[in-house]
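According to TrEMBL, the protein has these features:
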type	residues	note
DOMAIN	12-197	domain 'YrdC-like'
BINDING	Thr34, His66, Arg120, Ala140, Ser142, Ser179	L-threonine binding site
BINDING	Arg57, Asn61, Thr116, Ser150, Arg193, Tyr229	ATP binding site
Amino acid sequence: MNPSADMPHSEPKTVAEAAALLRAGKLCAFPTETVYGLGGDATNADAVLAIYETKGRPRFNPLIIHCADLAMAETLAEFSPLARKAATLWPGSLSLVLPARPGNGLADVATAGLDTVAIRIPDHSVALELIAAVGRPLAAPSANPSGRLSPTTAYQVRLGFAGRVPVIDGGPCRAGVESTIVRVDGDRLVQLRAGAVSREEIEAAIGVPVDVAEKNAAITAPGMLTSHYAPNALMRLNAVPVAGEAYLGFGEGPAFAGPSRNLSPSGDLREAARNLFSMLHELDAVGAAMIAVAPVPNEGLGEAINDRLERAAAPRE
Ligand code: TXA
Ligand code: MG
């Protein structure tokens, strides 16, 4: 299959071409170190609405705003001393939820009308050059149709949107799962979403304990879908595979004759996070009806991996 066969646009080959699209209010997918983002000018309400529309996102769920540097971030939000300390992890896979600065120019739909804003400075040269070239913050959710697997390559973005969205190719993403989202709450940090930076790493860097919000408390609203990141296949977690299934292993596992991948034969959680979405995409492509998944320890990056696996395995609506 060639998803770019009937693309109504030519792919941006350079940062300047991608920046021109974004400045004109068009969308362009771009690489970050976590996953590919579906980028739009965060100050342009039409561009942000096009993001929701393109993803088929069922409701206005606030987006993460990507900045090129701290100076840009400071025009958008109020940084307390603790927030400033947390920002020393930037560029990086940490999104900070901070009080929005009044009149910051962001489109209301980008923050879903909240008085807080989630910001990050991605650790990827293409993303940083792109945001700087646009000269405006970019709203960017993962570049996949709502509820489906997040993309970690440009190819997966093209496949997901059937070539309808331009994408600048920056190779495979290093981290492979989305950023960790942390709310700065007075003198506390509260993790709203586990992600590519573990709580232990944040605590070690900042010297402040990171509390964990109740599951799904990030933006709770009635009817919020728990099923997310879903492949076409159904999934069984903490499972031993049986004939007819595909198998996603971790560490040393049972020998299995069917289609299989191993997130990390040596049991390395960073490698497993990097491989997670790609391997689910690959196993999905073999057409199995069920993917059995080996247990993954729930420590460090395992927290983010298990969160994504549980959502992928949740009952579909
Ligand atoms: O790694 C990532 O974070 C990727 C790449 C592209 O940067 N982006 C990403 O964005 O995962 P998205 O749209 O899938 O995640 C946005 C989530 C929302 O679902 C919401 O839970 C949370 O960020 N969020 C955004 N603004 C918030 C706010 N003001 N308060 C609380 N949560 C917020
Ligand atoms: Mg997403």
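Each residue, glycine too, has its Cβ placed from N, Cα and C.
TrEMBL feature annotations superimposed on the structure.
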residue: Thr34; record: L-threonine binding site; DSSP class: coil
residue: Arg57; record: ATP binding site; DSSP class: coil
residue: His66; record: L-threonine binding site; DSSP class: strand
residue: Arg120; record: L-threonine binding site; DSSP class: strand
residue: Ala140; record: L-threonine binding site; DSSP class: coil
residue: Ser150; record: ATP binding site; DSSP class: coil
residue: Ser179; record: L-threonine binding site; DSSP class: coil
residue: Arg193; record: ATP binding site; DSSP class: strand
residue: Tyr229; record: ATP binding site; DSSP class: coil
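The binding-site residues near ligand 2, defined by a Cβ under 6 Å from one of its atoms, are Ser142, chosen from Thr34, Arg57, Asn61, His66, Ser142, Arg193. Looking at Arg57, His66, Arg120, the binding-site residues in this record, the fewest other C-beta atoms within 10 angstroms of the C-beta turn up around Arg57. Cα of His66 (L-threonine binding site) to Cα of Arg57 (ATP binding site): a distance of 19 Å. Taking a Cβ cut-off of under 6 Å from any atom of ligand 1, the binding-site residues Arg57, Thr116, Tyr229 reduce to Thr116. When Cβ atoms from all protein chains are considered, those within 10 Å of Thr34 (L-threonine binding site) total 31, not counting its own. Cα separation, Ser142 (L-threonine binding site) to Thr116 (ATP binding site), rounded: 20 Å. The L-threonine site is defined by Thr34, His66, Arg120, Ala140, Ser142, Ser179, and by the 8 Å test on Cβ atoms against their centroid, the other residues of the chain that qualify are Thr32, Val35, Gly37, Ile64, Ser93, Ser95, Pro122, Pro141, Glu178. For the binding-site residues Arg57, Asn61, Arg193, Tyr229, a Cα-Cα cutoff of 10 angstroms around Ser179 (L-threonine binding site) retains Arg193. Of the candidate binding-site residues, Thr34, Arg120, Ala140, the one lying closest to Arg57 (ATP binding site) when CA atoms are compared is Ala140. Looking only at the domain 'YrdC-like' (12-197), the predicted model's pLDDT averages out at 95. Of Asn61, Thr116, Ser150, Arg193, Tyr229, all annotated as binding-site residues, the residue with the shortest Cα distance to Thr34 (L-threonine binding site) is Ser150.
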